[in-house]
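Q: Dropping a structure here in structure tokens format, bear with me for questions.
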10 protein chains.
Amino acid sequence: MSNLATLDVSQHPNLPQSSQTLFAAKAQKQLSFEDISKQIGRNEVATAAIFYGQAKASPEDIVNLSKALGVPQEQLEQQLSGFPDRGRSVEMPPREPLIYRLYEIVQNYGYAYKAVLNEKFGDGIMSAISFSTKVEKETDADGNNWAVITLRGKW
Amino acid sequence: MSNLATLDVSQHPNLPQSSQTLFAAKAQKQLSFEDISKQIGRNEVATAAIFYGQAKASPEDIVNLSKALGVPQEQLEQQLSGFPDRGRSVEMPPREPLIYRLYEIVQNYGYAYKAVLNEKFGDGIMSAISFSTKVEKETDADGNNWAVITLRGKW
Amino acid sequence: MSNLATLDVSQHPNLPQSSQTLFAAKAQKQLSFEDISKQIGRNEVATAAIFYGQAKASPEDIVNLSKALGVPQEQLEQQLSGFPDRGRSVEMPPREPLIYRLYEIVQNYGYAYKAVLNEKFGDGIMSAISFSTKVEKETDADGNNWAVITLRGKW
Amino acid sequence: MSNLATLDVSQHPNLPQSSQTLFAAKAQKQLSFEDISKQIGRNEVATAAIFYGQAKASPEDIVNLSKALGVPQEQLEQQLSGFPDRGRSVEMPPREPLIYRLYEIVQNYGYAYKAVLNEKFGDGIMSAISFSTKVEKETDADGNNWAVITLRGKW
Amino acid sequence: MSNLATLDVSQHPNLPQSSQTLFAAKAQKQLSFEDISKQIGRNEVATAAIFYGQAKASPEDIVNLSKALGVPQEQLEQQLSGFPDRGRSVEMPPREPLIYRLYEIVQNYGYAYKAVLNEKFGDGIMSAISFSTKVEKETDADGNNWAVITLRGKW
Amino acid sequence: MSNLATLDVSQHPNLPQSSQTLFAAKAQKQLSFEDISKQIGRNEVATAAIFYGQAKASPEDIVNLSKALGVPQEQLEQQLSGFPDRGRSVEMPPREPLIYRLYEIVQNYGYAYKAVLNEKFGDGIMSAISFSTKVEKETDADGNNWAVITLRGKW
Amino acid sequence: MSNLATLDVSQHPNLPQSSQTLFAAKAQKQLSFEDISKQIGRNEVATAAIFYGQAKASPEDIVNLSKALGVPQEQLEQQLSGFPDRGRSVEMPPREPLIYRLYEIVQNYGYAYKAVLNEKFGDGIMSAISFSTKVEKETDADGNNWAVITLRGKW
Amino acid sequence: MSNLATLDVSQHPNLPQSSQTLFAAKAQKQLSFEDISKQIGRNEVATAAIFYGQAKASPEDIVNLSKALGVPQEQLEQQLSGFPDRGRSVEMPPREPLIYRLYEIVQNYGYAYKAVLNEKFGDGIMSAISFSTKVEKETDADGNNWAVITLRGKW
Amino acid sequence: MSNLATLDVSQHPNLPQSSQTLFAAKAQKQLSFEDISKQIGRNEVATAAIFYGQAKASPEDIVNLSKALGVPQEQLEQQLSGFPDRGRSVEMPPREPLIYRLYEIVQNYGYAYKAVLNEKFGDGIMSAISFSTKVEKETDADGNNWAVITLRGKW
Amino acid sequence: MSNLATLDVSQHPNLPQSSQTLFAAKAQKQLSFEDISKQIGRNEVATAAIFYGQAKASPEDIVNLSKALGVPQEQLEQQLSGFPDRGRSVEMPPREPLIYRLYEIVQNYGYAYKAVLNEKFGDGIMSAISFSTKVEKETDADGNNWAVITLRGKW
């Protein structure tokens, strides 16, 4: 049986109602984000971001999510029609160890990234909005697993 | 004339003495991190991380940095011989807009990353220590530049 | 179908009851703030500010809102009769990326604004109360959209 | 005698060395930002932002500033050649009343701006980087002065 | 019709139950604090402070409030019999602009008050408990209104 | 011998240079703020506020302060010519007990003031800028001293 | 009629269920902590600490509290059987003025206590656990009341 | 050789200059606070509080301290003549374990003290200014040492 | 009768639903963590960590917990199937005195641990994930109890 | 060449002067804490804690440190004679990743430790003062290194 990410609403009171709807259906259907992402044609992280209220679902996403999850389309339209109120899912600094590791990377490498980016691109900024990201799994010759996260933002 | 990242010590009172030494030599030699990284055989971000006191310089790094920057080897050995006291270069939340964008990615996508990573790898964590990272520049068909940051950590 | 801003009350527990009433009616009537602002004769930002409990609705506003939204006038009178308890809609620093950008402008340009204002007006202050603000949309020759926000405060 | 914005370095230990150089010359030459902005061909707020280390001076800006302020060009080149480490001039929340008023506008109107911007532009964000801003002075029929601040950011 | 201060309980979850009782009765009776203060023989600010749970109501206050507001005396006795748990009505720093202005006065003039008080009274402190305060309205020759707040504390 | 407020610069590193100049002269001349305020024709609190860098000294104030304190006028002109960078003298919440008592009054009575002010003046705000304040000493029949602080702000 | 401390649960959402049970019974029986402390044979502060969930009730305390308050013993056993989760009753810094005064004593005299204790006892610490405390009332010749708090901790 | 409390100025940059003077003399004379307190006729904690800049030295204290410590009287008069800027010696929450234990007592017993004090004295407050405190050492039958701290404040 | 750790849900609103289920069953069965740990074959701290939602329960753990506690297996599977959202049980800094002592050890000895670990292992980090921990009780010759906590993490 | 922990004073401005003295001598003599601990007869962590100003050096420690490090005994006596002002070496939350891992263990396992300790020992606390700790290195069959930290505190 595969691993499935779930949502315990009592631990996330700041998430929108849509999060509860989507995660409940995901748990009942026993679908992974990989399964869902294939059905709605978006990558896994973007799919999960919709579930956590961090990305806007397009009208097609809503149709596809309705099919994939068996949730009435009108319900999703109502709950997902607004604009995401981003930034409410993680309290900073993050207390979750896995998320803290990403925070720590920013804390430790922040100026190194800035220096290299400035030298490569000049003054400016990497957008966190015109932006895509993905997660991949690599296994090396010794059988160790490596998580590879790619961030791609417009300069 | 190329862009060069410099250090204004008065803005970074918490950095180690080595940062001042290294950045002063870099400015005088007019070397980019790309230049230096080639001479010392490490990637650019890791090179910059040494400059900001966030990564340990190996004995070979010290030899190579001494040559590349024209700083006496003994001086570098003395200033770089200890163990890095990581985490002092960026005050969190970051006030620098470019670094804030990375922080914002963690704030917005943190749980999405966790959910996808857990489903792919099971319970566990991506190391921020057995870890490498790089920055690349892409230019798309419309001439837009994209910054691509890759994080690769052992699970 | 046009974009409509909605309110997910579960994400805004600190807003007054009137916010819920007004946003629910707006969603049901499928009205944009532009639509409503025309019916009540105020600009869009001021209209939205009433919805978020940040501006006082005058007796005429209440009459007009009642008509525009189909909410009984007495209900609005009861919920909007008090004085706004301003400042509760955004937690600072803002986590919402769009609002954070405005915060960042204050963080980065704050002293530049002060210096220029002081040189133009002498010692004093720009009121945030005897104050009006508006949002406009511009499209340049290349088809890029620009958001233009104007702040006008009594000195 | 006109009003002149000055810098008391002892109150701003986090600003770069260039700030001290530029403000000292400005005070000695008794130049307002309006004077300087005309000589360097940028608007007043952008000029002040360079003084506070919040904007990058281009090579031409450096040449022009050198002339306008009577500071040796090499000194400016050295102090202004790096990339700005933005965000260090204002501690948030701002304690300066004039700057606080801008902060308060974000606190009170943040979601109103977001709602109106989303309805006008769809999901997205107003850039704080591809961005310009200006300050103007208006005097109404009753002789009252009004400060008008315009923010214009790419969507 | 006069202005009436009301309480939206959903915005003040930390206030005692008595606040809800008192404000609900005040709204129903359409009484201002001036009206009530005359009936209970205390000044307006002290009256409002009882409503916000910041001052202790004496047995006579309870009798008088019961009459003035039409609330059963036993209910008030039960809800007001304890000792006030002061300090819970305002979150500091205050987000409400009007209250923030008072906070700002302390922030800006704090040491000036201390210096003048010490020179007038010697070492010591002005009590915030053996203390009375009042608000008055003045209108000057030009028709401008001025709010005058007086603080009187035992040294 | 009268009580004299002094300044220990080592405890106030954020104050402007003028504070050190003014307080040093005040200590040497053994002048109270009452003495100085009479010589420069402003009230005591305003006088002290200039010393702490919280109020702008007019050209006449500078002439008068120069005479009263025996400090060269040019020195004062140079140090006092800029615009005050208000808000840096007190760290909030205040740790000094006397100043904390004022802070506590805002914390406890904030909403009571707001409610009474709104009922008296309608929606709006009391200015902390078009504002004057004074401190008086009263002695009651029992010989107790009372400090009376009056705040008067334009509505 | 004597003064009685009560609990308004809506202001203390972090207290354990036992607090509500105990305070409700105390209010109904109109018992002071002095009354209860005599019946259960502990001092008043320790008794109040049990009510606020800050001290563990022994089996005998539970029997005695049941008798004194008329609460079924099983109910108390269930609610008081666990180990106290101390530290949740006061948010620091305290907003309640009376409790703040104690906090202020620590803030002002902390190092004075440490210096005197170290000189008297050598290096070490005063336990806050092997610890007892009491409150006494003294009235001096002028009729003034003094509160005397004694802290006694093992070194 | 007895234990002596000393001051490492580098760890206490916020203390007044008098602290450095007094502690340096104390170290050179090898005097405990008990020794000094006897010579100046105040209790030990009050004496230490003067050393840490938390209590005002009277003219007689200055004379006596000058004799006891061998510091020129004029130097002490100059450094101690102002009014103490209390509250700067301890950063809250305290990091020093011994001082933290006192803080913890306030955190845990704060409401218990308030409840008992209110029941004994009615509504009001214990002064932290009309206040005295002392430290005593007790040794019990088992040879254990107990630190006894007494706080006595006017109600 | 043995001591039993219980959970008062009202004090821990951030814990997952499984915590309530598990602690309720533990209280009803009157089982200690030692009892349960023996039945499920894990050490006591790991067992307690599952109860607080800080460790992932394996499928076998769920089977064993179901038996030990008499909770239906499906209920545990549903509530424990997700990935732990770690870090929500303790608010930092900890207010609970016992937990604070551990925090204080990190605060005081943090750099000492780092220095010794770096000298023993070189640059790197002790994992908090590939990690086990246990608690033991020792009684010395004088009858004193000592708590021994062992942390064992992969380097 | 062995690894040696060093101190870059510019990164630790809050440490006592003794830290600089001790670390400078350690670097010059090229001694590890293991070396020094053997010479002074204390364990490594306690030795390092003295270097960081977190533990009191006894008179014998001073003699031994003087010999081991070649620092004049009088200098050490002067700098180490006071009582440690503990808690200033680590800013919490720790930014150093290695120290953060220990902090994270407290954050995640805090209540689990408390529950198990309470069940084993009853109500009470583990002392962080009557306390010893050590670090050991283990290598498992696969050649992996494990850091083992033991905390032993009196109950």
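Here the Cβ of each residue, glycine as well, is placed from N, Cα and C on the backbone.
Since we're looking at a predicted model, the values are computed, not measured.
Positions annotated as active site by TrEMBL: I:R101, I:E104, I:S127. Annotation source TrEMBL lists domain 'Cyanate lyase C-terminal' at I:88-155.
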Q: Name the residues of the same chain, 6+ apart in sequence, whose Cβ is under 8 Å from the Cβ of I:S127 (active site)?
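A: Sequence-distant Cβ neighbours: I:G153, I:K154, I:W155.
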Q: Which residue counts does DSSP yield for the domain 'Cyanate lyase C-terminal' (I:88-155) in the helix, strand and coil classes, in that order?
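A: Final tally across the stretch: 25 helix, 19 strand, 24 coil.
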Q: Could you tally the C-beta atoms, other than its own, that fall within 10 angstroms of the C-beta of I:E104 (active site)?
A: 23
Q: Using a Cβ-Cβ cut-off under 8 angstroms and a sequence gap of six or more, which residues of the chain neighbour I:R101 (active site)?
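A: Set apart from I:R101 (active site) by at least 6 residues yet with Cβ under 8 Å, there are none.
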Q: Taking the domain 'Cyanate lyase C-terminal' (I:88-155) alone, what is its mean pLDDT?
A: 93
